[in-house]
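Listed in TrEMBL:
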- K63: active site, for sulfotransferase activity (ACT_SITE)
- K63, G64, G65, T66, R67, R146, S154, Y256, K272, G273, R274, I275, H276: 3'-phosphoadenylyl sulfate binding site (BINDING)
- C257-C267: disulfide bond (DISULFID)
- 54-298: domain 'Sulfotransferase' (DOMAIN)
Amino acid sequence: LQPLCPIDGRFGPRSQDEIPLRALQFKRGLLHEFRKGNATKEQIRLHNLVQQLPKAIIIGVRKGGTRALLEMLNLHPAVVKASQEIHFFDNDENYAKGTEWYRKKMPFSYPHQITIEKSPAYFITEEVPERIFKMNSSIKLLIIVREPTTRAISDYTQVLEGKERKNKTYYKFEKLAIDPNTCEVNTKYKAVRTSIYTKHLERWLKYFPIEQFHIVDGDRLITEPLPELQLVEKFLNLPPRISQYNLYFNATRGFYCLRFNIVFNKCLAGSKGRIHPEVDTSVITKLRKFFHPFNQKFYQITGRTFNWP
């Protein structure tokens, strides 16, 4: 029997090189093999795979949740992530190798997919905005932020753990965050400087309009990730594909884990979600008071308000 209307006719003509999102989802395993270097040039040509410069970059901030955001966005079948931090724009030696070197560090993807990388050092490094602008002035930039004092303590905790692993001693957070001579907040301490988000963002705005940035709430991404991911999908002009099915809460870890399909699940590394050391409450109060005016300006510039003290 002839169908009432041809199947192709229902959806309109499909571009010859267009790949439906469902097909991309099933071919994730194939892309994984290419990433591991197990593919021949003939296979790459046959599957029409390319290494593309990123169309979006997660530029920061450190300890804001950049890895979680990257892994969660990778749930989308039209997104392909660079597995490692490339540090192209913030490292003079890497940058001198040129854009072609950078492109070859990217994963294989289909032409219609979006390649995304993350290097949180980009946000605070002075040379980076101009360098990215020279590569692609219309690139989309993602910044994920957490409450500034919490972020600073998390930053300290990661460094502390590294010192302890090498059996080295380290100063307490209070001694680093507060200048002993003035008893005021020590703005020379990198963990403090990084949390002054508006100072860094103003440098980026010399090159890119605010419309090319999307601010992600890193605290909300931990407790309620789906709404944040849906906002990013919209910003990247992606069809909505990430759903509650893709995210399940792991009570043991205290974090959401990722479900790609019925077979493949993934949780973030055990190093995520370190327990913070106890910090003197007067120091926390002093830091929050210090960050407050910068936070207000950050809300004003970005148009996004957070419930930070």
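Every residue gets a Cβ built from N, Cα and C, even glycine.
Residue pair S154 (3'-phosphoadenylyl sulfate binding site) / C267 (disulfide bond) shows a Cα separation of 20 Å. Between the CA atoms of C267 (disulfide bond) and R67 (3'-phosphoadenylyl sulfate binding site) there is a gap of 11 Å, rounded to the nearest whole number. In this view, R67 (3'-phosphoadenylyl sulfate binding site) is surrounded by 18 other Cβ atoms within 10 Å of its Cβ, with every protein chain counted. Within the same chain, residues at least six positions away from C257 (disulfide bond) with a Cβ under 8 Å of its Cβ are L247, Y248, F249, N250, N265, K266, C267, L268.
Most buried of the recorded positions K63, R274, H276, judged by other Cβ atoms within 10 Å, is K63. Around G65 (3'-phosphoadenylyl sulfate binding site), taking its Cβ as the centre, 27 other Cβ atoms fall within 10 Å, counting all chains.
Cα separation, H276 (3'-phosphoadenylyl sulfate binding site) to K63 (active site, for sulfotransferase activity), rounded: 12 Å. Summed and averaged per residue, pLDDT over the domain 'Sulfotransferase' (54-298) gives 94.
Comparing local CB density within 10 A for the recorded positions S154, C267, the maximum falls on S154.
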